[in-house]
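Per TrEMBL, these features apply:
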- 50-124: domain 'Cupin type-1' (DOMAIN)
- 172-242: domain 'Cupin type-1' (DOMAIN)
Amino acid sequence: MNMDLSPKFPATFTETEAGVYYHWAATDSQVLSEAKVAAGINTEENMGFIGVKKGDVLPIPRGSVSSWYNYGDSDVVIIFMADATKAYVAGEITYFLLTGQQGHLRAFSPEFIAKTYQINANKAKNLVGSQKGVLLIKLSEEEARKIPNPNEEVSNILIHNMDASQPDVEVDNGGKLTTIKGTEFPLLEQVGINVSRLVLESCATRAPSYATEPQVCYIAKGSGEVQIVGINGKLVLNTKVETGL
């Protein structure tokens, strides 16, 4: 196993008054490129873009369009992890933006847009040029009032909360491991991943485990130490980890 497995902090992908989006670039992490797994973190300020509560897992099938809105009064941190097997750049999430400063529609002429969508030239210019934001957009108070409230009925179908799941393993004063699989939450099968959350109490350790598939781990809270042994039986990583890695 001749690749760098050392944990890395993400780099800033874009930053606006609405929040910050960080990502782990495949060029900086060989293991992500080889495993074709992508990861990113979205930090939204209040009135930024769909609200979910702490512990929620929301699968988004490939080719879907999603927007996120923070309707609370505190910042929200969302961790994105994806199968990047068919991504444009292996190990990175591929974004397809229609409008905004990086939107694809901006590259077309207003005349072409007007003919395609059967609108006049002024509406065409407004369609491709009125949005000045990039990926993260700060809404005004008036715009925020127009955002509909979350549909709880739909949320119960599309979202599974980690806190509501029974741990697979729980040890007093040791910690607990909770895994959500496709058999329990069918929408996960559409994205081809399982989700696990490991909570270790102070001075606790997790027994060595064998990974048959690539795994991406994110340290959500605290600090500790991790060791990884390669297929040849040699120690390939022995390092400290902390929140954000």
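Cβ from N, Cα, C; glycine included.
All TrEMBL annotations are machine predictions without curation.
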Summary of DSSP states over the domain 'Cupin type-1' (172-242), given as helix, strand and coil counts: 5 helix, 27 strand, 39 coil
Per-residue pLDDT averaged over the domain 'Cupin type-1' (50-124), given as an integer: 78
